[in-house]
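Enquirer: Below are the features I grabbed from TrEMBL:
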ACT_SITE  126  active site, proton donor/acceptor
BINDING   8, 362  Mg(2+) binding site
BINDING   15, 186, 187, 188, 189, 190, 260, 261, 262, 308, 309, 310, 311, 312  ATP binding site
BINDING   69  substrate binding site
SITE      158  site 'Transition state stabilizer'
SITE      219  site 'Transition state stabilizer'
Ligand code: AMP
């Protein structure tokens, strides 16, 4: 039995799961929220981890490793990596590339290493899958010397999910992964799209940081970079304030006041014009990406929706793909409306491109990456 504790440590929350990497079963999982908040929350990440341990109790027995989700691995950290002091120092150095994500991940790693010193701790990077993006997709059209000096390229994120879901899609279709031309739409609070050909990533919507691309719960996605300079120079906002606004108070929240699509639909039904515009902007951006990615591919064998919105919101899926019959994409309204929480096809039999809904499981993918590292080492 290969049980792995998977830790996903954010700035104010710590998600955890004990996963059996062999069977794929989640033995137990949970989330400790409001870390560092004055009333009711736990004081710090060490206390959050302790709360997780208390909750897990007997489920902690028989662990073979602790897997840590780390958002940014920079140019050289991308394989699942056994954490030692040097790796911790390197992730710390990379913090400017992911200032909102890497510091809390490091806190999680440090408290978990102290609490479970006898287990191997393994960092699994969100950027890993996209490390080999073709140069034409990874390169920003800016001064090449500057880009090289500062490691500026499109890194891509949610890689664990894009890889897992594309493999699941092949399995569902009973087709070899290396024969498939895929588009994966990971639509959760964070959102990203990717093109995967023969199991290898060819394009993705997130960039140097997890801010580029689709409209997200609280992140803007694509922007004219001129907005940064304008807000700094004319609105006199600091760089930190601009970054925080674009990360935490933009996207669906900034436009309509809510990040949860269930609430957004209720607001729209009650005639809320801001919620309607937020939804329209979200869908418009998503359609632009789908169109661009169909053009990158020529023909797509499969488009897969995943994550909280992608798995659950039939209206988003319908509006993202409506009117694309001429492009070879046709949803079956009835299949699309089916709320089952399992891998399923939602396109018509005639649709040249198969459209799927596949639940993502980043924790299982991280657990499997850990076990495969340990197996290859021994
Ligand atoms: P994730 O980041 O993948 O956990 O996705 C979280 C988001 O999924 C939430 O903020 C909601 O917007 C969305 N979501 C979850 N459940 C539903 C649902 N039943 N219908 C529509 N959206 C949902």
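Glycine is treated like the rest: Cβ placed from N, Cα and C.
TrEMBL: automatically predicted annotations, no manual curation.
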Enquirer: Just to verify: the residue among 15, 69, 158, 219, 262 with the fewest other Cβ atoms within 10 Å, which of the recorded positions is it?
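Expert: Checked 15, 69, 158, 219, 262; of these recorded positions, fewest Cβ neighbours within 10 Å: 262.
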Enquirer: Would you kindly give the Cα-Cα distance separating residue 219 (site 'Transition state stabilizer') and residue 260 (ATP binding site), rounded to the nearest Å?
Expert: 13
Enquirer: Checking the recorded positions 15, 158, 189, 262, 309, which are within 10 Å of residue 219 (site 'Transition state stabilizer') at the Cα level?
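Expert: So the list reads 189.
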Enquirer: Per DSSP, to which secondary structure element type does residue 362 (Mg(2+) binding site) belong, with helix, strand and coil as the options?
Expert: helix
Enquirer: Among the recorded positions listed here (126, 311), identify the one with the smallest other-Cβ count within 10 Å.
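Expert: Each of the recorded positions 126, 311 was scored; lowest Cβ tally within 10 Å is 311.
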Enquirer: Near ligand 1, which of the recorded positions show up if the criterion is a Cβ under 6 Å from one of its atoms? Options: 15, 189, 219, 260, 262, 309.
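Expert: Only 189, 260, 262, 309 meet the Cβ criterion.
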Enquirer: If you count Cβ atoms within 10 Å of each one, which of the binding-site residues 260, 362 comes out on top?
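Expert: Counting every other Cβ within 10 Å of each candidate, the maximum falls on 362.
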Enquirer: Rounded to the nearest Å, what's the C-alpha distance separating residue 15 (ATP binding site) and residue 8 (Mg(2+) binding site)? Just drop the number here, would you?
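Expert: Cα-Cα, rounded: 5 Å.
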Enquirer: Given the binding-site residues 187, 189, 262, 309, 311, which lie within 10 A of residue 69 (substrate binding site) by CA-CA distance?
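Expert: So the list is empty; none.
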Enquirer: Determine, to the nearest whole angstrom, how far the Cα atom of residue 189 (ATP binding site) is from the Cα atom of the residue listed as 'active site, proton donor/acceptor'.
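Expert: About 15 Å separate the Cα atoms of these two residues.
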Enquirer: Tell me the Cβ contacts of residue 8 (Mg(2+) binding site) under 8 Å, same chain only and six or more apart in sequence, or just say none.
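Expert: In sequence order, 14, 15, 16, 68, 69, 108, 362, 363 meet the Cβ cut-off.
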Enquirer: Looking only at Cβ atoms, how many others are within 10 Å of the one on residue 187 (ATP binding site)?
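Expert: There are 27 such Cβ atoms around residue 187 (ATP binding site).
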Enquirer: With DSSP assignments reduced to helix, strand and coil, which class does residue 262 (ATP binding site) get?
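Expert: It is helical.
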Enquirer: Based on DSSP, name the secondary structure state of residue 309 (ATP binding site): helix, strand or coil.
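Expert: Once the DSSP labels are grouped into three classes, residue 309 (ATP binding site) ends up as helix.
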Enquirer: Go through 189, 309, the listed binding-site residues, and name the one with the sparsest Cβ surroundings, counting other Cβ atoms within 10 Å.
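Expert: Comparing Cβ neighbour counts within 10 Å for the binding-site residues 189, 309 gives 189.
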